[in-house]
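What TrEMBL says about this one:
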ACT_SITE  HIS71  active site, proton acceptor
BINDING   ASP72, GLY77, ASP79, SER81, GLU93  Ca(2+) 1 binding site
BINDING   HIS199  heme b binding site
BINDING   THR200, ASP252, THR255, ASP260  Ca(2+) 2 binding site
DISULFID  CYS40-CYS121  disulfide bond
DISULFID  CYS73-CYS78  disulfide bond
DISULFID  CYS127-CYS328  disulfide bond
DISULFID  CYS206-CYS238  disulfide bond
DOMAIN    30-332  domain 'Plant heme peroxidase family profile'
SIGNAL    1-27  signal peptide
SITE      ARG67  site 'Transition state stabilizer'
Amino acid sequence: MAFHSHSHFLFFFFLTAGLALLFPSTAEPHLTENYYEKTCPKFNDIVQQVVTDKQIATPTTAAAVLRLFFHDCVLEGCDASLLIASNSFNKAERDHDTNVNLPGDGFDTISRIKTSLELQCPGVVSCADIISAATRNLINMVGGPHYRVSFGRKDGLVSRADRVDGHYAKTNMTISEIINLFASKKLSVQDMVVLSGAHTIGFSHCKEFSNRIFNFSKTSDIDPTLNANFAKGLKNLCANYTSNPGMSAFNDVMTPGKFDNMYFRNLQRGLGLLSTDQALMADERTKPLVDLYASNEKKFFEDFAQSMIKVSLMNVKTGKHGEVRRRCDAFNNLKI
C-alpha cells in the first residue's frame, strides 16, 4: 500500500543556513494569545472544529500539518509563504523539488479553516496564525502537549522556489552538521533532539532510508545499527520502491498514530527509521537527551512545547511587513 510521506519532517523542515532568524525579543511583544478576542471571537472554536473533523476523517492530518508548519517556518519564517501557489510570473516555494511531496491533507486543512474564518470574520485572521494554531491543536489531539501560542502574525509577501535550494538538511548529514545548522537559528542541541521527537507520528518514503536496508556496505547489506528484524520487514515493504516511489513506512513502528515518547524508546532498540534518527544514539552530545526523553515522557512534552514556541516565532512578520491574505494560496496583489 502506498502512502504519502508525512515525514522526515524535522531534518528537512527548518534547517537553513540563516534565512530564517529568530527574533523573540522583537517579535513576541506584537503577538498575544488573545489577539483575536474582539475581532474574531470564534477563532479558536473554528480552528478546533475544523481540525477535529479533518483528523477524524483522515488520521494522518496531524503529521501533515506539523510537517507543513516546519517547512513553512524554515525558509522565510512562520509567514505562510509555503501556501502560495505558483503563477505564470513566479514559481513559488511549494513547487520546489523539496516541497512537491508535502501531503495535501496539510494544505487542505489550512484552506478549510481559512474558508470558515472568512465567513465568520473576513480579512481578519492570517494564514500564518492558522498554521500555528492548527499545529498546536492537532499535536494535542493525538496525545501531545498543549502549549501556548501567541497570535498576530502577518502573511509574508515573498514565496520563491529559487530561495529554497541548498537550505534544507539531508538525511545523510552528520550530527555535527545538523547541530551547526540548528545553532545558526539559535536553536540548541536540546532543541534539535527534542524536536526530532516529532517523528513519533508520520511517514517517510522508502527512498529516504533505502541505503540502510539495501547494499549498505561491502561487508553488510543492512546498517548494523538497525534492528535486524525491523530491517527485514522494511526490506519486504520497500522491495519495489524504485518502481513505486510512493511506498513509505511509519516513522514510529510501535505507536505511529500517537504523539508520545516512543520515538526515543525506539532509538534505544535500533528502531530508528532514518539514519539521522538513529545517529542521535551514537553521539555523546545527543545520546543523554535521547535516554532522558525515553525514560521521561513528561519532560519530553515540556521541552518539546518550549522548542515549538521558539520555532513559531521564527522571523515573524508584523505590521507593514506582511498582510492578511484573503485566501492562503495567493497574495492579495499579484506579484510579478
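Cβ coordinates come from backbone N, Cα and C, glycine included.
Caution: TrEMBL annotation is automatic and unverified by curators.
For the pair CYS328 (disulfide bond) and THR255 (Ca(2+) 2 binding site), the Cα-Cα distance reads 33 Å.
Taking the mean position of the Cβ atoms of THR200, ASP252, THR255, ASP260 as the Ca(2+) 2 site, the remaining same-chain residues with a Cβ inside 8 Å of that point are ILE201, MET254, PRO256, LYS258, PHE259, ASN261, MET262, TYR263, ASN266.
Highlighted in sequence order, CYS73, LEU75, GLU76, CYS78, ALA80, LEU82, ALA128, GLY156, VAL158, SER159 have their Cβ within 8 Å of the centre of the Cβ atoms of ASP72, GLY77, ASP79, SER81, GLU93, the residues recorded for Ca(2+) 1, and are not part of that set. Cα separation, CYS206 (disulfide bond) to ASP260 (Ca(2+) 2 binding site), rounded: 23 Å.
Remark: of the binding-site residues SER81, THR200, THR255, the most isolated position is THR255 (fewest other Cβ atoms within 10 Å of its Cβ). Neighbour counts were taken as the number of other C-beta atoms within 10 angstroms of each residue's C-beta; across the binding-site residues ASP72, GLU93, the minimum falls on GLU93. Per-site Cβ counts within 10 Å over the disulfide-bonded residues CYS40, CYS78, CYS121, CYS238, CYS328 peak at CYS78.
Taking CYS40, CYS127, CYS238 as the disulfide-bonded residues under consideration, the smallest Cα distance to ASP72 (Ca(2+) 1 binding site) is found for CYS127. All protein chains shown were included, and the count of other CB atoms within 10 Å of the CB of ASP260 (Ca(2+) 2 binding site) stands at 19.
It is 29 Å from the Cα atom of GLU93 (Ca(2+) 1 binding site) to that of ASP252 (Ca(2+) 2 binding site). Annotated pair CYS238 (disulfide bond) and ASP252 (Ca(2+) 2 binding site), C-alpha to C-alpha distance, rounded: 16 Å.
Checking each of the recorded positions (CYS78, ASP79, CYS121, THR200, THR255, ASP260) against HIS71 (active site, proton acceptor), the C-alpha distance stays within 10 Å for CYS78. Of the listed recorded positions, namely ARG67, HIS71, HIS199, the sparsest CB environment within 10 A is found at HIS71. Among the recorded positions CYS78, ASP79, SER81, CYS121, the residue whose Cα lies closest in space to that of ASP252 (Ca(2+) 2 binding site) is CYS78. Annotation for CYS127 (disulfide bond): same-chain Cβ neighbours under 8 Å, separated by at least 6 residues, are ALA80, LEU83, ILE110, LYS114, ASP155, ARG325, CYS328.
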